[in-house]
Structures are given as C-alpha cells and as structure tokens.
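Here is what Swiss-Prot says about this protein:
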{"type": "REGION", "residues": "1-42", "note": "region 'Disordered'"}
{"type": "LIPID", "residues": "GLY2", "note": "N-myristoyl glycine"}
{"type": "COMPBIAS", "residues": "7-42", "note": "compositional bias 'Low complexity'"}
{"type": "MOD_RES", "residues": "THR72", "note": "phosphothreonine"}
{"type": "MOD_RES", "residues": "TYR166", "note": "phosphotyrosine"}
{"type": "ACT_SITE", "residues": "ASP216", "note": "active site, proton acceptor"}
{"type": "MOD_RES", "residues": "SER250", "note": "phosphoserine"}
{"type": "MOD_RES", "residues": "THR251", "note": "phosphothreonine"}
{"type": "MOD_RES", "residues": "THR256", "note": "phosphothreonine"}
{"type": "MOD_RES", "residues": "TYR264", "note": "phosphotyrosine"}
{"type": "REGION", "residues": "367-426", "note": "region 'Disordered'"}
Amino acid sequence: MGNCLDSSAKVDSSSHSPHANSASLSSRVSSKTSRSTVPSSLSINSYSSVESLPTPRTEGEILSSPNLKAFTFNELKNATRNFRPDSLLGEGGFGYVFKGWIDGTTLTASKPGSGIVVAVKKLKTEGYQGHKEWLTEVNYLGQLSHPNLVKLVGYCVEGENRLLVYEFMPKGSLENHLFRRGAQPLTWAIRMKVAIGAAKGLTFLHDAKSQVIYRDFKAANILLDAEFNSKLSDFGLAKAGPTGDKTHVSTQVMGTHGYAAPEYVATGRLTAKSDVYSFGVVLLELLSGRRAVDKSKVGMEQSLVDWATPYLGDKRKLFRIMDTRLGGQYPQKGAYTAASLALQCLNPDAKLRPKMSEVLAKLDQLESTKPGTGVGNRQAQIDSPRGSNGSIVQKSPRRYSYDRPLLHITPGASPLPTHNHSPRVR
C-alpha cells in the first residue's frame, strides 16, 4: 500500500541538507521503562561494516531494502492503538514517538503487552526536506548494523505519512538521565560505560572505507538499553565523508547549537573531526552534569565549553566542574584523564583533535584502570568509600557553591555564525 516510491531522487554524498526541525526528540523514543526488549529474532542482516556501502542510491533502492519491514499505515495504527495519547512516548519539532507492539516473528501488529515493544516515530508533514531527512535515516540505518547503533526495524510511507519503527530503548536518552528533573544521578562507572559505547558507534562510522559523518552527536541522540549500553540514534543529518583526495565535505551548516564544531559553523566544511568536537562536548556533559548551552546562567557560564575549559587541564581545580550529584564518588586520576581527553577533542584546531579510534582507546584504557588508593594517611584510606570490587574510590572535594538543584531548562538554539548560507539549527 504505497510503501515504496518509484522515484529517481537520490540520497547524495555532497549536497542534501535536511531541515533542522525534525528528529529532535529521538531522545524520548523510550522515556518509559518496559520489561520487554527487542529479542534476537529482530536482528537485521545489514552491513556490519560500511566498507561497501553503496551511495548514492535511488529512493526506490533505499526503500526496497531486504533488511527492513515495509509497514502499512494501518499496521502501525493497530500497533500503537491508533496512536492513542497514552501510547505517546514523546514529541518534538519533527513529530511524535509512540509505543507500539508487534509480533516478534511476523513483525505484524499485536495486542499491547504481547509480542515485543517498539518505538514508532511519526513525522510531521514537512514537505520535501522532511522527506529527505526521513529517507537519509532509512538509507543509513537500513544498511548498517552495529551494537552501538539503534536498530531500525522498518518504515512506512503512504501519501504524506512518514513513519519509522525502531527497537525500543527502555532507559531512554542520556539527555534525560543527565538533565531531567528528578532523574537518579548516573554513577561514574555508568557514565564512562555510556561514553565508551557512544565512542564505539562513532568509531565504526568514521573508520569505514565509505566514511559516515554523524553530524548531530549530542546527549539527546544517545539512547540507552536496559543495561545502559549506549546506541546512536537519529541519522537524519548524517553525511557521507570526503572521498578521494578531498579533505572535507562542503555543506549547509546543520546541527545543534553548543555541540557543533566552530570551524564547521564558520565555514560549512565538515569532517569527521567535527564529530570528535561534539563528542568532547558530550564528555564534558557527563563530567559536569551541565548542558552544552544553558540560557538560565549568566555570561560565559551559558556555554559549557567556555566555562569548563579553563579547569580541564588543572588537577587542583578540576573538582570545580565535576557534577556534584556524583557526591565526590569518582577516581580523581580517572576524572582528570577523561577531562584531558575532552580538552583534546575540543581543540579549536580540528587537525589537532584525536581520531575517534584514539579517543576510544583512551577510554578503554581508563575503564580498565583500577582506582588508586590516593596519598591520604591510613585512617583516610580506611574511611574512604569502596567500590563494588572493594577498591578504594577517591572522594574528590566538593565545591559547595554548586550544590544546588540543577535547572532543567532546554536551551534555545541561538543563531550560529554563517559562512555563505543561513544555518538551520535545532
């Protein structure tokens, strides 16, 4: 029923510029917890490497992917109980996300509570640009398979309706865990686990022969499964990396204010190092518990990067930017290593930033390093809190002037500087 359009439109490696209002809420794909998760029966036989990823492809080729289920609109209506309000998981500029149920074998709609739970993203009618962003996501997630990329189960295209069906991520987004009022604070170990998983996802995209630049790496697009394994979602802004002797891709400035690399904002020249910068911002959010942009703060403190950067290379002052909700329960050496890594990722000179594979290696090394016993006297060691393995966890000093409830205010996306196009930001 109209699931595959016969069109010559291509998802091209250099010129498409999807609009900025869609897919800003993939972070809320799974804001409610469910005991049901996507079983192995939904594993998609897509590329585990993008070495031979065929681009550009026609729309017909993309939508005829054998890896995806072509749902009818009626099937998804049944799966979500006619998109009822009590099935709504979240909404944003792009549209709405609903909780749905499908049979694990046939992938047909099933009764609520039976089969497996999925997240159904229903896009608003946004015309050609909205369709292009939707198609870009189908193109990439329909071909790629990796433990740290969210799994796309299928899609629906009928008339003006554009929907995507994903595996359900019961722990929701990293953004919600860090910034939502009342959320339980993440432990140091979980924060590093999330960072490592996200780094694995980006490394997979960057190191492929047919490189993919994610272009919208942020806490809202990092989804978490029941064990806090992180997966990248929302590939609507993804771009094919430079080929041949090219060093960058020239494109209209798109992304999210506070996460976008400064050289990309200024020139429109996109490289994998742009993603590295964005990763540095998210790593900083994990360390500090503060948003990339917070308009409720004053002056330089509105920008997390501007505010935190002076402290990242100073062991004695690093505690000033650490999330007070950690209660000082983090290894000082590990925190300094992570902060130093964030500082490298945020280098204003893109060429001096590390590759994501190098970032991942550092994080893996950090996770495998056991916390030391510090330099305190014997009594201090006895009184020190201990981790699950019995090792002493350094309790870093608190900056009590920051011990107040965080303001959970969604930052507005300020206009970014332009080069020769008017940027669209989320």
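The backbone N, Cα and C atoms fix where each Cβ goes, glycine too.
Shown here: features listed in Swiss-Prot, placed on the structure.
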residue	record	Cβ neighbours (10 Å)
THR72	phosphothreonine	16
TYR166	phosphotyrosine	26
ASP216	active site, proton acceptor	26
SER250	phosphoserine	15
THR251	phosphothreonine	19
THR256	phosphothreonine	25
TYR264	phosphotyrosine	28
Spatial neighbours of SER250 (phosphoserine) among the recorded positions THR72, TYR166, ASP216, THR256, TYR264 [C-alpha, 10 Å]: TYR264
Of the recorded positions THR72, TYR166, ASP216, THR251, THR256, which one has its Cα closest to the Cα of TYR264 (phosphotyrosine)? THR251
Translate the DSSP assignment of TYR166 (phosphotyrosine) into the three-state scheme. strand
In which DSSP state, out of helix, strand and coil, do we find the residue listed as 'phosphoserine'? strand
When the Cα-Cα distance from TYR166 (phosphotyrosine) is computed for each of the recorded positions THR72, ASP216, THR251, which gives the smallest value? THR72
Spatially closest candidate among THR72, THR251, THR256, the listed modified residues, to ASP216 (active site, proton acceptor) (Cα to Cα): THR256
Pop the Cα-Cα gap between THR256 (phosphothreonine) and THR72 (phosphothreonine) into the table, whole Å please. 33
